[in-house]
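Handing you this structure, nothing more for now.
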Amino acid sequence: MCYMVPLANSVMTLILIGVTLLCSQKKFFHLMTLNTVKMAFFLSLYPLYAFLTDDNANVSATTTWFSLEIFSFSFTTQFDLYALLFLPVAFLVTWSILEFSTWYMQHDPSIDMFFKYLLIFLLAMIVLVCSGNLCLLFIGWEGVGIMSFLLIGWYHARANAATSALQAVLYNRGGDIGFLLAFCWLLMNLLSLDLPIILSLPPHFLVLLGFITAAASKSAQFGFHPWLASAMEGPTPVSALLHSSTMVVAGIFLLIRVHPLLSSSPWALTTCLCLGAMSTFYAATYALVQNDIKKIIAYSTSSQLGLMMVAIGLNLPYLAFFHMCTHAFFKAMLFLCSGLIIHSLNDEQDIRNMGGLQIALPTTTTCLSIGSFALMGTPFLAGFYSKDAIIEAASTSYLNFAALLLTLAATAFTAVYSMRLINFASMMEPRMNPVLTCNEDDPRILNPLSRLAYGSILAGFLIYKTTLPNHPHIHTMPMYMKLTALIVTILAFTIAYELTKTFWTVTPKSTASEEFDPSFHNPLLHRPITVVTLNTAGQIAAHALEEIIYKKLGPSYSERFHWVPIKVVRVTQTARIKTYLSAFFITVVFTLLAAMII
């Protein structure tokens, strides 16, 4: 009966979360939410243990929603290694974020509503991860989309927050169109939405194009990336949850689910590889020139998502999933540390106005350094196991040199901006207001950071023992190729450290950074589209107005209206005196007769 354990525990978890949502009107709802997610984490550990000790037996359950003559809509849940391993990671990260939120949002009058949104956000991601068909997956897909809109726009009275929330929705609409394209094609041609049936058939161009487009927009790949940095307008706990284990990894998880289709199509794998390489390089380049601490971490998220897409393009989905799980720990910790620093410095987000925080906030800066080193791929931290494996696989694969070069350059840039973040925030002399009171002695701060720090250190080794296949590919490579990622990281970190002694020691007088501002992408992309659309619409309206209103109802109508009386007048103009005199006498006679009668 071990195969029923994952299903039973998942049902209990969903019931627990549902009961908590029904009690949302009670006092201290945020504390109930925290305890619910904490309990869900411990409940999710036993199904994973049972799965690993029961020879990896997958479990699925199906419930019919409604039936038609030739088709039935059903909800299918699937509990395999990906679902059962991701659930404890998501619950642990969310538990830490919620506990941090009880301190961060303690003065917000709508804290219970905020926790309700976060809980529904997590529930939508659970539905997406555990879905066994596209119908249930689409519900979770749209759920994380609409909840991200509500959470990013939490401070909707601020114009930037409302604009960023709308921007996130609009960018994700493009991906939803791709998802619906694949959804409708499968519904018309296969009459089934179950993943086992879909994955057993040969791939079709429209289906693969729809899935790749959906994943690119949801996971902020190149071309769809501007919304991810704009999402920083939401509260810091929202940014931590959004970037670690929910919305942005949904697109990568979709491609992991359908990877048998991608593996049968070389062009799809090449598309994912090139798209991921461009995304990781472009986002890493953006992070180099940012001064907002949250945007540096946000662009690092986009860069790591590009690295996951590279793993998908290498036909190694389990490495993408591995990096997704390890990335969740240190990315959530980085955002929580940045939120604490911003809160302590009176809402100051410019790293050039920080410094010397290793004395004022020792635990926070230590966790910030651990997260940054894990992000860089420092040996034996969580990011090392997954990131190094992806770069090793890229080095030994038959792929285009440009993709490998961009990936290695992004790896080097990651070390540079991580060193820059540590240097400006923790090291050097203090550059903030000296009367600020920095305090991190609160269990609601220390406990979440400690859990995530332990995860950032140990998660890579623990997941390494469960994620990789039983018989992984053995790469035969020379020593210099084995150490490529580590050598690139060490060289970049050394160069960045030398730069700190020459260029980063003096803070510029002007805090404005108009030069090298990566936000040029928004006007570059949005302005031409808007101008071309409005000009085209204006020309169409002008031509329609001229052709229909002015011409048809103007000159042409007047010409037709006056043509008949003009023709009558022209007939009478014969240039003969007899005709004119006859008409004159006839008119006189009729006039006299009329006068006599009157």
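Numbers run from 1 along the shown chain.
Note: Cβ is positioned from N, Cα and C throughout, glycine not excepted.
Copied straight from TrEMBL:
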type: DOMAIN; residues: 65-115; note: domain 'NADH-Ubiquinone oxidoreductase (complex I) chain 5 N-terminal'
type: DOMAIN; residues: 131-407; note: domain 'NADH:quinone oxidoreductase/Mrp antiporter transmembrane'
type: DOMAIN; residues: 417-593; note: domain 'NADH dehydrogenase subunit 5 C-terminal'
type: TRANSMEM; residues: 6-24; note: transmembrane segment
type: TRANSMEM; residues: 31-52; note: transmembrane segment
type: TRANSMEM; residues: 81-105; note: transmembrane segment
type: TRANSMEM; residues: 146-170; note: transmembrane segment
type: TRANSMEM; residues: 177-199; note: transmembrane segment
type: TRANSMEM; residues: 205-228; note: transmembrane segment
type: TRANSMEM; residues: 267-289; note: transmembrane segment
type: TRANSMEM; residues: 296-314; note: transmembrane segment
type: TRANSMEM; residues: 320-345; note: transmembrane segment
type: TRANSMEM; residues: 398-422; note: transmembrane segment
type: TRANSMEM; residues: 452-468; note: transmembrane segment
type: TRANSMEM; residues: 480-499; note: transmembrane segment
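Just tell me what is around each of these and how deep it sits.
For the transmembrane segment (177-199), the list of distant contacts is 70-71, 73-74, 76, 78, 132-135, 138, 141, 206-214, 217, 257-258, 260-261: same-chain residues at least six beyond its ends, Cβ to Cβ under 8 Å.
Tertiary neighbourhood of the transmembrane segment (267-289): same-chain residues 203, 208, 212, 216, 220-222, 225, 229, 255, 261, 295-296, 299-315, 399-400, 402-404, 406-407, 409-410, 413-414, 416-417, 420, 513, 516-518, selected by CB-CB distance under 8 Å and a gap of 6+ residues from either end.
Under 8 Å from some Cβ of the transmembrane segment (320-345) lie the Cβ atoms of residues 82, 85-86, 89-90, 93, 96-97, 100, 104, 235-237, 239-241, 243-245, 249, 252-253, 255-256, 293-294, 297, 300-301, 304, 307-309, 311-312, 353-354, 357, 360-361, 364-365, 367-368, 370-372, 374-375, 381-383, 385-387, 389-390, 425, 432-433, 436-440, 445, 448-449, 452-453, 455-456, 459-460, 463-464, 467-468, all in the same chain and six or more residues away from its ends.
Packing against the transmembrane segment (480-499) from elsewhere in the chain are residues 376-379, 387-388, 391-392, 395-396, 408, 411-416, 418-420: each is 6 or more residues past its ends and has a CB under 8 Å from a CB in it.
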Hey, which bits of the same chain come close to the transmembrane segment (205-228), Cβ under 8 Å, at least six residues off its ends?
141, 145, 164, 167-168, 170-183, 185-186, 243, 247-252, 254-255, 258, 261-262, 265, 268, 271-272, 275-276, 278-279, 282-283, 298-299, 301-302, 305-306, 308-309, 521-522, 525
